[in-house]
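K.L.:
One structure is given below, represented as structure tokens, and several questions about it will come after.
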Amino acid sequence: MKTLWQHCNVASMASGVYSIIEDAAMVTSGAHIEWIGRRSEAPAGDYAQVNDLAGAWVTPGFIDCHTHTVFGGNRSGEFEQRLQGVSYAEIAAAGGGIASTVRATRAATEEELFGSARKRLLSLLRDGVTSVEIKSGYGLDLASERKILRVIRRLGEELPVSVRSTCLAAHALPPEYAERSDAYIEHICSDMLPALAAEGLVDAVDAFCEYLAFSPEQVERVFIAAQQLGLPVKLHAEQLSSLHGSSLAARYHALSADHLEFMTEEDAIAMAASGTVAVLLPGAFYFLRETQQPPMEALRKHGVKIAVASDLNPGTSPALSLRLMLNMACTCFRMTPEEALAGVTLHAAQALGMEKTHGSLEVGKVADFVAWQIDRPADLAYWLGGDLEKRVVRHGVEVTV
């Protein structure tokens with residue numbers, strides 16, 4: 001079924017820049033874009049439907065390429081404690097921090113996890129998100145990681161959003177493996193990843209490379225196991241210290257390395273050579289009141305593609321708005337609105353290995369787009385919060401969230 005969408009301006013984000021088409025039109029056939037260009041040049045045809053977009057600015061559907069949407073419990077109490085002067089170490093010693101989320105997630109049923117994650121994901125969708133990545137990592141044993149990954153798959157089946165599932169079993173050390181991190185890494189590589197991959201629950205594998213998590217040597221073992229299973233890898237790296245995890249990620253041609261506040265220029269050079277995307281997470285930077293910014297000039301200088309994501313998680317970025325992250329990327333990291341928009345479209349698609357089908361409005365790509373009632377594309381990063389008037393189209397069909 002062919003549909004004509006017209007009376008709009010388009011920021012197609014082809015090549016990662018606005019690539020503006022004024023007074024534009026677009027033809028979709030089924031779930032894909034068949035033609036896009038100036039309205040005066042639109043092909044004549046017997047369209048099943050003609051949609052007037054009322055002068056809207058059309059962008060690709062937003063892609064949130066780094067989230068931890070599925071978890072049990074609530075850590076707003078810790079937020080209060082930290083603001084009253086209790087340190088993160090004291091909270092963790094009392095059983096809080098990530099350990100409390102692991103306990104709550106393990107205790108929750110699959111149905112309970114689905115219900116709470118669905119609400120959070122709907123908030124992202126109301127912001128124009130049409131594709132999302134969701135990580136496991138709050139189970140830290142085979143049964144609980146499987147439970148989370150099954151919920152992630154179900155979210156993609158029941159909501160109007162394309163979902164990529166990432167296994168982050170190497171997120172933290174579970175209590176039953178205290179002081180035995182090498183043994184836990186061996187369990188991930190020999191038992192967890194093969195079983196979960198065999199069940200078709202995993203699209204990519206991630207790990208947390210940090211002094212309070214896992215060493216580069218341990219992460220490399222996870223990467224080798226993932227590659228033996230034919231799975232692409234990603235990495236949380238350089239958030240709190242420099243371990244050159246991003247260079248390790250580049251060596252294994254990772255889809256992305258994420259956070260990166262403490263990365264070096266040498267890391268940026270390695271990522272550029274491997275095509276590894278830098279995923280910046282301004283929500284966590286803001287929420288933790290960090291002061292060390294990612295090396296933006298090094299990333300730009302060496303041509304590293306830069307994505308932006310919500311990092312939605314209960315401990316360090318309880319962010320329910322990807323559009324708010326656009327503003328934070330601009331204000332905290334001095335990105336331009338154009339760079340930030342590329343960060344949640346084409347470069348986010350690249351961070352998920354989806355750039356051939358998603359992330360820009362080009363012939364042959366999937367027809368995921370948002371028609372925004374705004375004056376110019378920069379408005380998407382300019383307005384703080386609120387619900388901008390919009391129409392969301394996924395796979396060529398208008399959806400209501």
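The backbone N, Cα and C atoms fix where each Cβ goes, and this holds for glycine too.
Relevant sequence annotations retrieved from Swiss-Prot are reproduced here:
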type    : residues                              : note
BINDING : His66, His68, His236, Asp311          : Zn(2+) binding site
BINDING : His66, His68, His236, Asp311          : Fe(3+) binding site
BINDING : Arg75, Tyr138, His171, Gln239, Thr316 : 4-imidazolone-5-propanoate binding site
BINDING : Tyr138, Asn313, Gly315                : N-formimidoyl-L-glutamate binding site
K.L.:
Which three-state DSSP class does Asn313 (N-formimidoyl-L-glutamate binding site) fall into?
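P.N.:
Its secondary structure by DSSP: strand.
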K.L.:
Validating a neighbour-count step here. Other CB atoms within 10 A of the CB of Tyr138 (4-imidazolone-5-propanoate binding site): how many?
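P.N.:
That number is 29.
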K.L.:
Is any of the binding-site residues His66, His68, His236, Asp311, Gly315 within 10 Å of Arg75 (4-imidazolone-5-propanoate binding site) (Cα-Cα), and if so, which, in sequence order?
P.N.:
Gly315
K.L.:
Would you list the other residues of this chain near Fe(3+) - those whose C-beta lies within 8 angstroms of the C-beta centroid of His66, His68, His236, Asp311 - in sequence order?
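P.N.:
So the extra residues in range turn out to be Thr67, Lys135, Asp258, His259, Leu281, Ala284, Ala309, Leu312, Asn313, Ser317.
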K.L.:
If one measures from the C-alpha of Thr316 (4-imidazolone-5-propanoate binding site) to the C-alpha of His68 (Zn(2+) binding site), what distance in angstrom results, rounded to a whole number?
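P.N.:
Pair distance, Cα basis, whole Å: 11 Å.
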K.L.:
Which of the binding-site residues listed here (Tyr138, Asn313, Gly315) have a Cα atom within 10 Å of the Cα of His236 (Zn(2+) binding site)?
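P.N.:
Within 10 Å Cα-Cα: none.
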K.L.:
What does the structure give for the C-alpha distance between His171 (4-imidazolone-5-propanoate binding site) and His68 (Zn(2+) binding site)? Integer Å is fine.
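P.N.:
Roughly 11 Å, rounded to the nearest whole number.
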K.L.:
Pop the Cα-Cα gap between His68 (Zn(2+) binding site) and Gln239 (4-imidazolone-5-propanoate binding site) into the table, whole Å please.
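P.N.:
About 16 Å separate the Cα atoms of these two residues.
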K.L.:
What is the one among the binding-site residues His66, His171 whose Cβ has the most other Cβ atoms less than or equal to 10 Å away?
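P.N.:
Comparing the binding-site residues His66, His171, the most crowded Cβ belongs to His66.
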K.L.:
The record lists Arg75, Tyr138, His171, Gln239, Thr316 as binding 4-imidazolone-5-propanoate. What's the largest Cα to Cα distance among them, in Å, rounded to a whole number?
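P.N.:
The 4-imidazolone-5-propanoate-binding residues span at most 21 Å between Cα atoms.
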K.L.:
Return the residues near Asp311 (Zn(2+) binding site), defined as same-chain residues 6+ apart in sequence whose C-beta is under 8 angstroms from its C-beta, sorted by sequence, else 'none'.
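P.N.:
Correct list: His66, Thr67, His68, Asp258, Leu281, Gly283, Ala284, Ser317, Ala319.
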K.L.:
Taking the Cβ of Asn313 (N-formimidoyl-L-glutamate binding site) as reference, which residues of that chain separated by at least 6 in sequence fall under 8 Å from it?
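P.N.:
Long-range Cβ contacts: Thr67, His68, Phe71, Ala284.
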